[in-house]
Amino acid sequence: MEPKQRVVKPLKERVLPVVKNTQFVWFSGQVIVLISSVLYALQAIPFRSAPPFLFKSAAFGAIVAYAIVLYKTYSPNLTSRASWNKHFFARLMLDDNVQYFILALSMLIDRPILFSLAPYAIYATFHISTYLRSVLLPAIYPNISDAKTASYASRVSNLLNQYTRSQFQPAMQLVASLETFLLFRLFFGVFLRKNSISRLVGYIFFLRMRYTNSHFTRASIKAVSLRMDRLVADNRVPPVIKNAWHTFKTYVSKFGASPVGTAQSRPTASSSTTAPSST
């Protein structure tokens, strides 16, 4: 008796359910983040000017992607007011996805700053890679007897998996360094009138949460702080800058030492490569 051959659905029937899923909207948001960030950087870095809509587009893509993750995570709590307690709000405050969602909202409103897009773009490369490997490739190239197709899909999947595994930790270190750099960019931007002090304060709150959740951020802040101490110690630095730096450092140190709760029940972090669950 001949083995029964597996019936493979047409490509449209395989892909259409994927496109209709909210995961695909999340994926589309990540693609918008990556493409818009790259296009903005390609113009802003060499020419020091780029269309603001590219920056806003990247921020919008991030808002869409993180909004879906937050809805998937917290929608059961939203339907029951009994769950709106201090533990729920502490969980919200410590959730990386909430922090990046709020930061993206502020980026949509505020003046563009080039490097503020970089962490979102780096995260997007891993999110896109994981989604392609776990969702899109299996839909486009199902496990059929066509050796060439299976081999091609397998090679692409292996490359994506290898990229995720080998580059994840270095990428998180880079993200932490960029986010720490942005803190000092905003600090000096207040003196140069390139950004408001309210934006700096808001970002300090964001980085305070990152300091709690990420050992990469803690290591980065410590390293950059030591470098800044050496730079400010130079006799050529005006006393007003030295005093401002020491005051700022003291304030941030006290703020960073204040308790913000525990991260025991925190949901999946934004830096995770896991896509939101399907519906």
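The backbone N, Cα and C atoms fix where each Cβ goes, glycine too.
Swiss-Prot lists 262-279 with the feature compositional bias 'Low complexity'. Positions annotated as N-linked glycosylation site by Swiss-Prot: Asn77, Asn143. Here Swiss-Prot flags 260-279 as region 'Disordered'. Residues or ranges marked as transmembrane segment in Swiss-Prot (evidence: sequence analysis): 25-45, 50-70, 100-122, 172-192.
Long-range contacts of the transmembrane segment (172-192) within the same chain: residues 113, 115-116, 118-119, 122-123, 199-200, 203-204, 207, 210, 214, 216-217, 219-221, 224, 228, 241, 244, 248, 271, each at least 6 residues beyond the stretch ends and with a Cβ under 8 Å from a Cβ of the stretch.
Using a Cβ-Cβ cut-off under 8 Å and counting only residues 6 or more beyond its ends in the same chain, the transmembrane segment (100-122) has close neighbours at 33-34, 36-38, 40-41, 44-45, 50, 52, 55-56, 58-60, 62-63, 66-67, 70, 171, 174-175, 178-179, 181-182, 185-186, 194-195, 199, 202-203, 206, 270.
Residues near Asn77 (N-linked glycosylation site) in space but far in sequence (CB under 8 A, at least 6 apart, same chain), listed by position: Ser83, Trp84, Phe88. DSSP assigns Asn77 (N-linked glycosylation site) to a helical segment in the three-state reduction.
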